[in-house]
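Have a look at the structure below, then the notes.
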Amino acid sequence: MERELGMYGNDRSRSRSPVRRRLSDDRDRYDDYNDSSSNNGNGSRRQRRDRGSRFNDRYDQSYGGSRYHDDRNWPPRRGGRGRGGSRSFRGGRGGGRGRTLGPIVERDLERQFDATKRNFENSIFVRNLTFDCTPEDLKELFGTVGEVVEADIITSKGHHRGMGTVEFTKNESVQDAISKFDGALFMDRKLMVRQDNPPPEAAKEFSKKATREEIDNGFEVFIINLPYSMNWQSLKDMFKECGHVLRADVELDFNGFSRGFGSVIYPTEDEMIRAIDTFNGMEVEGRVLEVREGRFNKRKNNDRYNQRREDLEDTRGTEPGLAQDAAVHIDETAAKFTEGVNPGGDRNCFIYCSNLPFSTARSDLFDLFGPIGKINNAELKPQENGQPTGVAVVEYENLVDADFCIQKLNNYNYGGCSLQISYARRD
């Protein structure tokens, strides 16, 4: 069904003004969802200047040229790690094609920008722009739904990335923009418009582990099966209930996503024990926490402390390292999430993907499926012996994103494997 877009009709004007360019919601005419395939800045299109892009090279270098959850390189990396275990999709010996960059843009108004100063609640993130789209084009386009504070084009090392951001003066303009322009044609490209989110703080600031000195001066609590939405601050706030928290950490992967476990350090043993008694087995956002004493806590000649150690070790057998504990539990979590899930379900938010390369990691799932929409969870389905099956289950927050995932990624060649994707069903 066509959306009423006012002046943005299907008739293309000779004017280069963006308000006269074609803009419709005819999804059947959707061109290939590749930021660089149809317009690579050749001689037929003039290059335009990125006037003052707020996400400049400084931003891209700080975050590895990638923007967090909603801004993955698209299409997903084709290199893939093959079933033989080659890590070619990361640029190794798999022969996978690298990401094609847009044309180099000039910066006549380049300036430094602190991303934390922007009002993300009033901002949108726009994907699949043509490489000659400018901030002025975005401002004029989205100015039809609300007053625009600023519009920007995202670049990487001087190259147009086919993405941009728009900040409005009012929050309600965000939903108006998404409703009106998500999926609409603009400059012959189908736009993908989403709520903008702040970039994660530097991973080293969040994921660095507590030093041995910090642990020696306190009592560590290790928490497994944390909701993936929980960061160190919310973890700290939660565990304040049991005492003064010296430090809280959530373990992140190389993409800056939570790995589902973390730690809290208290100054006293009593606070540590109270936290274990309070939170172990508690359900938070549908996940049951497993809370235990940290491995490196000091042993003290204290009957109560030693008894507590014995009780804990009785419940978990021999004491493995933190990484081993976490890995085992992550496998258990994946098994529970994917248990009884099969392909061929009715329309729902869960996606069943088979024929993945056996060496695909969980973080790869976010790279592959994340650009489509917000993911609640994604897990690889293991065999009973823990070996990979090449199957994953992905839960999207929105049904429309699940629909779009099947439309765009079914039969997609990933790491030399043709993915088979359908709605999931739980038997």
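From the backbone N, Cα and C atoms, a Cβ is placed for every residue, glycine too.
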Completion exercise
Of SER24, SER66, SER86, the residue that Swiss-Prot annotates as phosphoserine is SER24
Handout entry: THR130, THR144, THR278 - residue that Swiss-Prot labels as phosphothreonine
Key = THR130
Practice task
Give, as a single whole number between 0 and 100, the mean pLDDT over the domain 'RRM 3' (349-426).
Solution key: 88
Practice task
With DSSP as the yardstick, break the domain 'RRM 3' (349-426) down into helix, strand and coil residue counts.
Solution key: 22 helix, 33 strand, 23 coil
